[in-house]
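What TrEMBL says about this one:
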- B:66-272: domain 'ABC transmembrane type-1' (DOMAIN)
- B:9-36: transmembrane segment (TRANSMEM)
- B:72-92: transmembrane segment (TRANSMEM)
- B:104-126: transmembrane segment (TRANSMEM)
- B:146-172: transmembrane segment (TRANSMEM)
- B:203-224: transmembrane segment (TRANSMEM)
- B:253-273: transmembrane segment (TRANSMEM)
Amino acid sequence: MTQEKNPAFVRFQGIEKRYGKVVAVKKMDLEIPEGALVTLLGPSGCGKTTLLRMLAGLETPTGGDIFIKGKRINDTPIHKRNLGMIFQNYALFPHKSIFDNVAFGLKYRAVPKSEIKDKVEKALETVRLPGVGNRNPSQLSGGQQQRIALARAIVIEPDVLLMDEPLSALDENLREDMRREIDNLQAELGVTTIFVTHDQREALSMSDKVVVMKDGLVQQEGTPEEVYNNSANHFVADFLGHSNFLSAVVEEKHNDVLKVRLDDKSSCLVSPVGNFEKGDKAEIVIRAQKMKLGYQDEHSPEEDMNFFHGTIVDRSYMGGEVSYFVELPGKQVLHVINFVKRSPYRRGDDVYVKVDPFHCRLLQS
Amino acid sequence: MKEKTWKPWLLLSPSLAAVFLLLVVPVCFVIVYSFWLRAPSGQDIPAFQMGNYAKFFADFFYPSILLKTLRVALETVFFCLIMGYIPAYFFYKTESRFKPYLMVLVMLPFWISFIIRTLSWINILGDSGLINHLLMNMGIIKSPLAMLYNEGAVIMGLLQYLLPFMIMNIYVSLDGIDKSLVEAAKSLGCTEWQAFREVTLPLSLPGVSAGCLLVFVLTCGTYLPPMILGGPGNGMIANLIFKRVIGTLDWPFGSAISTILLLLLILIVYTYNRYLGINQIFKSMSNS
């Protein structure tokens with residue numbers, strides 16, 4: 001297609017939702033590009049579901065506007081919005097056959113009967129469940145039911161596909177499969193999709209764009225790599241993956257690295273996010289996976305920048321990798337995740353922790 | 001695991017004993033009595049003969065009362081359904097914090113004696129009752145409207161007794177409906193009313209069917225509203241039994257009528273179960 005994709009296919013402008021004194025969404029602006037899969041990620045109560053429901057027409061905003069394809073839809077009733085909605089509990093009609101479930105939206109769009117049949121069959125093939133039309137929803141497994149819900153939503157060719165934690169009712173392995181399936185299907189159909197989740201792995205693995213939310217506000221939006229590697233603040237860094245936070249004071253400025261002093265007076269080289277001046281108080285973020293462990297007696301003392309000595313106080317074995325908790329002399333505990341090489345370190349082992357300055361991000365505290 | 005099978009029965013035993021002693025045994029007495037002979041002297045003579053049943057079907061008088069009872073029961077079910085669904089739907093829909101109190105209001109009549117509640121309708125519908133008094137004072141009517149001692153008054157009295165049963169049955173069924181089903185229907189293009197017809201109404205039918213059956217059976221066995229609010233011609237089958245047993249002390253004939261009513265109701269419940277599924281009732285009860 002040569003047609004230019006609309007970067008603001010869906011646009012929220014100063015959108016706000018209050019429930020009495022509680023503000024669920026605070027004057028938010030957000031643009032969803034055409035054809036993209038965008039996840040709204042955040043802990044429960046961050047306003048992500050409320051935002052989605054306002055777009056769907058299931059909640060009325062108390063302020064601001066919503067646009068789809070440049071058209072303001074605040075006053076458009078839900079049944080005229082042409083959106084496909086997927087619910088956490090599948091929400092299949094239990095008293096209707098699978099065929100009637102999928103055909104439901106077409107019936108209300110006055111599609112001729114013969115066409116309905118073709119479209120439903122095609123939709124069932126798309127979700128890889130052909131020939132189940134005569135069965136009842138209760139005869140299908142959870143994963144199959146969610147695929148039928150997907151078929152029911154895409155068969156009406158919606159402008160936007162809205163998914164409200166669609167995978168959280170499935171068990172771990174199935175969730176992984178469904179995640180890939182939704183991702184592939186979305187890429188194949190090219191339908192603009194908004195996916196609400198509290199699961200960072202879902203968000204990082206399938207999105208074109210992740211919107212991290214907290215307390216009704218956007219904390220950061222960007223590609224999965226951007227929000228993971230260049231987390232904009234403490235909350236985002238903490239919410240995505242396992243991060244260690246160390247407070248520090250800026251000591252020396254170089255071109256793209258800073259030398260900072262930690263609480264225990266040791267120094268550390270870091271790469272900053274944003275502008276820092278000498279004497280600024282800041283916070284270092286280090287991903288648990290980015291640190292390397294070694295036995296203390298194997299460590300050559302000449303390179304003691306970004307080196308920490310410590311003792312393993314706890315560990316948990318996770319198959320391919322091991323999660324270690326290393327206590328530093330200043331009683332601070334670092335969380336380090338390393339692949340298992342020879343034999344894993346044991347509780348009580350004296351180790352050093354080494355980290356590249358590039359992986360020490362400095363955030364304003 | 002085998003040795004533990006007696007445990008549920010042990011837990012059930014008080015209720016089972018009560019049902020057996022207070023319900024099954026008396027019903028057996030009634031059935032046995034229905035075959036006895038009543039001597040002209042008024043004495044009940046143990047016997048096994050079908051005379052009492054033959055007497056019931058001898059002419060159209062007794063069966064017509066039975067048929068009238070069934071008709072009144074159907075009418076009561078009809079009005080109860082319409083007047084019960086609306087408040088039940090309201091309870092399902094409302095997010096008011098007064099909802100629990102409103103639901104207590106539905107149950108409140110159970111705290112007042114059934115007889116008092118029925119009698120109080122005389123003060124409302126009677127010739128010098130509230131409604132006639134108000135209408136005459138306002139000059140809308142000159143002479144009191146005859147609202148009491150007819151079938152309408154009987155059905156009114158039944159409605160105030162049975163509505164809570166209907167409302168609660170329908171409400172429990174509605175409450176078990178996942179609200180996202182309605183949202184899904186709307187997102188697929190249904191208006192509010194279409195979503196109600198497509199989703200809410202069909203999924204509430206188990207409660208409707210349970211409520212209807214309960215109201216029907218309870219109406220068939222009722223005798224207070226017809227006795228207090230009905231006219232001379234408004235007696236129902238239970239009033240007939242009452243008159244035979246208490247009035248003329250004709251236990252064998254009264255027992256025969258009771259047995260006929262019992263068999264008829266068993267037949268109706270059985271048929272209803274065959275086509276509508278009585279386990280739906282339990283399903284709707286356990287959904288909440």
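Cβ coordinates are placed from backbone N, Cα and C, and glycine is handled just like the others.
Nobody curates TrEMBL annotations by hand; they come from automatic prediction.
Since we're looking at a predicted model, the values are computed, not measured.
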>> Would you say the transmembrane segment (B:104-126) and the transmembrane segment (B:9-36) are touching, if the rule is that at least three C-beta pairs must lie under 8 angstroms and be 6 or more residues apart?
In response: no
> Where else in the chain does the transmembrane segment (B:104-126) make close Cβ contacts, counting only residues six or more beyond its ends and a cut-off under 8 Å?
Replying inline: 87, 132, 147-148, 153, 156-157, 160-161, 163-164, 167-168, 224-225, 228-229
> What same-chain residues lie close to the transmembrane segment (B:72-92): Cβ under 8 Å, and 6 or more beyond its ends?
Replying inline: 99, 102-103, 106, 151, 154-155, 158-159, 162-163, 166-168, 170-171, 174-175, 177, 200, 204, 207-208, 211-212, 215-216, 219-220, 236
